[in-house]
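Colleague: Checked TrEMBL, it gives:
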| type | residues | note |
| --- | --- | --- |
| DOMAIN | 2-124 | domain 'Polycystin' |
| DOMAIN | 129-278 | domain 'Polycystin cation channel PKD1/PKD2' |
| TRANSMEM | 131-151 | transmembrane segment |
| TRANSMEM | 171-188 | transmembrane segment |
| TRANSMEM | 220-240 | transmembrane segment |
| TRANSMEM | 260-282 | transmembrane segment |
Amino acid sequence: MDVEDLSDYGEGWNASALNNSNRFSQAWQYQSQSQRRGYPIWGKLTVYPGGGYVVPLGTDRQSTSRILQYLFDNTWLDRLTRAVFVEFTVYNANVNLFCIVTLTLETSALGTFFAHADLQSLRLCPFTDGWHPFVVAAEVVYLLFLLYYMIVQGKLMREQKWRYFCSKWNLLELAIILASWSALAVFVKRASLAERDIQRYRKHGEEGISFSETAAADAALGYIIAFLVLLSTVKLWHLLRLNPKMNMITSALRRAWGDISGFIIVIFIMLLAYSITVSGSLGKSFRAGLLGSKGFSVVGGRELGLGRPWEP
C-alpha cells in the first residue's frame, strides 16, 4: 500500500501521452477508493486498497473480448503489476440471492503467483417472498421490546446511579441494548446501500457497479447479530438458573472449570507447537492452509484428519 501508484497515464502507461478522448482512457486513470465505493481487499501477500485502475468488461462476450484484446495489445499488465482483481455479481432469482465474486491474482517480487477466490452471498431484496409480513412483524415486536427494556434499565440506572455499573448482569443488559441499536443502524445502512446499488445498476449496468460496500455492511450486520445472539444466550442461561436441571449443569461446570481450563490450555499449546513446527519445516510446500492469510485459524482440515493425508 505504501508504493501504490496514484498517477494518470496514457496508452501503454505513457505519462506524456494523456488522451481522455479515447473510449478506453479510464483504464489508464487512477480511481480512488471513494470513487469506486470499494473497500480494502485482504490478499495472501498484503492488504490492497480499494482504489486502482479499473476497466469495465461489459455485459456480453464480444465486448469483453474486444476490451481484453485492447488491454493485451497495450500491455496493461506489465512487470510492475502486483495484483489483478476481477469483480462481478450474479443474481439467482430462484433463491433471491446475490453472490459477489472477487477473483484475485497476486504476484510477489520473486515472480510467484497466488490465485484465490472470495464469494459472499447476500439477500438485497428481503421482502419478496410470502414470509415478509411475519418477518416485519417480528422486527417490530423486537423493537417494542427493546424500547421497553430501555425504559426499565433507565429507571434502574436512575435509582442505583453508579452502583448500576457494578453488576455484571446490568452491564449485560446494557450491552444487549447497545448491540441491538447498532444492528438496527447497520441494517438501515445496508438497506440504503442496497437500494442505491440496485438503482445504479438499472441506470448504468454496463459501467461495472461494485457491490463491495453493501457486502461489507451485510458482513458487519452478521457479526453484530452473532454477538447479540451470544449475549442473549448468556442472558437466557441466567434466567433459567432457577431451573433444577440448568442449575445442576451450571454447578457441574463451575466445579469442573479448573480441569476444563487446564485441558484447554494443554490442547492449545500442543496445536500451537504442532502448527509452528510443520509451518517452519515445510513452509510454502505445505498446501493445507497453515496460518491462513484471511483468518486466524492455525490448523486446517487435513491436520485434523478430515481430508486426505498430506503427500509431498
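Keep in mind that glycine also has a Cβ here, set from the backbone N, Cα and C atoms.
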Colleague: With CB pairs under 8 Å as the measure, which of the listed stretches 131-151, 220-240, 260-282 comes out on top against the transmembrane segment (171-188)?
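Modeller: Highest pair count goes to 220-240.
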Colleague: What is the average pLDDT across the domain 'Polycystin' (2-124)?
Modeller: 82
